[in-house]
Amino acid sequence: MIEGEDNYEEEEETPMLRLSSLKLTVTVEQELIHGVSVTNDHNNTIRTGTLWSTVAHIITAVIGSGVLSLAWSMSQLDCYRSPDPINGTRNQTYTDAVRVILGEKQALLCGWLQFLNFFGTGVAYVVTTSTCMIAIQKSNCYHKEGHEATCEYSGNLYMFLFGVIQIVMSQIPDFHSMVWVSIVAAIMSFCYSSIGLGLGVAKVIENGRIDGSINGVPAGNVPLKLLLAFQALGDIAFAYPYSIIFLEIQDTIKSPPQENKVMKKASVIAIIVTTFFYFGCGCFGYAAFGNNTPGNLLTGFGFYEPYWLIDFANACIILHLIGGYQLYSQPVFAYVERWITEKFPESVFLTKIHHLKLPFLPDFQLNLFRLSFRTAYVVSTTGISMVFPYFNEILGLLGALNLWPLAIYYPVEMYKKQRKVEAWSTKWVVLQIFSIVLMVVSAVALIGSIGGVIEAKTS
């Protein structure tokens, strides 16, 4: 047992990977890139997370993106502590776990893919926010001028305003300070998901029939049909993206009780809730509109009335996305700031904290590097969103990039190594087939999504 770790009473637990050499040090387990060490296992972090705060984080990360559950593989792993699941050293990030179990080269690639997805998710959230703001304007316009009125608006102003809000929100110090943000975002998720589901059910009842068919929306030719189907796979793959921040969320949980047990329970609760809403919105939405199903159920104007309810639902989405953006940005902030501070520990610009007293607010700790870097990060995601403001295409592209490598390949490989699955055994063959099939799905989804982005940009 590593000195200084929490001392839990031993419980029967599936054994973790037993590393062949006990000479592996905490520094190696926790370093983020080759040659860069981080602070010790506890690094004086006060963890206050509970079961319900963890559920809120997961729901904030998940709801609003798609329909397919892919995070099961991460929840089957006890990767947070290694080599022992109870008393081992904490792996505070997904990349740390990959490093300890699969090695440095795999961790480096995983890190780049993870941060690419974090950045891309930020872009998607900016686009979605502007889409919702435009939907509110359109809803009011259609209510006043009629459903056939020409109600067209630009989203650039709303992207800019969302960026300004995120510059302020980005000054939240770290993931551990975000509980209230996730709780508010999770409540908003329930609100707009319930509204979407309710409107879909009401529309089916109003129609008196179930629209749609087993063949889906017809297309002019086979290549176009395949392109749209591949893009849809990418959208679905974006559904449960929290596998890439699974360990970051788990690192907020206080102990005892054991973090892995709390995380598993929280995952089950969150996945049951989100799957109910996802399948409800997906199935009833298609049943309500059939071949005329909009790209976004609450912004594509399948529903016009009650307009105030549509406005409220879109406002809830916006509040959710404000918190969701931070959930996927904080890991990037933490990594970059920790890495560069260790490279230049004597730099006043990097380390000095300025204490500001604001009226009616608690003391604010300002770090100039944090302000500069996080502002630049938000500006970059906002700028790219203005260039590529395509909702479904962006989601499909991100889903395709995330699906196989981060949600399938690495979890499967870590599982096989942890459980010491023998090559060519039945379990090994099943896992390999599973991984290969999802790799093909990812590839065709990527092709479809890239084609969709190109078509949207050139049309």
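Using the three backbone atoms N, Cα and C, a Cβ is placed for every residue, glycine included.
What TrEMBL records for 77-454 is domain 'Amino acid transporter transmembrane'.
Residues or ranges marked as transmembrane segment in TrEMBL: 51-72 (among others).
Annotation comment: TrEMBL describes 115-136 (among others) as transmembrane segment. Remote same-chain residues near the transmembrane segment (115-136) are listed as 64, 153, 155-156, 158-159, 162-163, 241, 244, 296, 298-299, 301, 310-311, 314-315, 317-318, 321-322, 324-325, 328-329, 331-332, 335, 377-378, 380-382, 384-385, 388-391, 394-395, 397-398, 401-402, 406 (criterion: CB distance under 8 Å, separation of at least six residues from the stretch ends).
Residues or ranges marked as transmembrane segment by TrEMBL: 179-202 (among others).
The transmembrane segment annotation in TrEMBL covers 268-287 (among others).
Same-chain residues lying 6+ beyond the ends of the transmembrane segment (307-328) with a Cβ under 8 Å from its Cβ atoms: 57, 60-61, 63-64, 117-118, 121-122, 125-126, 128-129, 132-133, 135-136, 139-140, 142-143, 162, 165-166, 169-170, 172, 178, 181-182, 184-186, 188-189, 191-192, 195-196, 199, 245, 298-299. Residues or ranges marked as transmembrane segment by TrEMBL: 307-328 (among others).
Summarising the annotation, TrEMBL assigns transmembrane segment to 394-412 (among others).
The transmembrane segment annotation in TrEMBL covers 433-454 (among others).
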Chain residues outside the transmembrane segment (433-454) and at least six past its termini with a C-beta under 8 angstroms from it:
226-234, 237, 388, 390, 392-394, 396-397, 399-401, 403-405, 408-409, 412
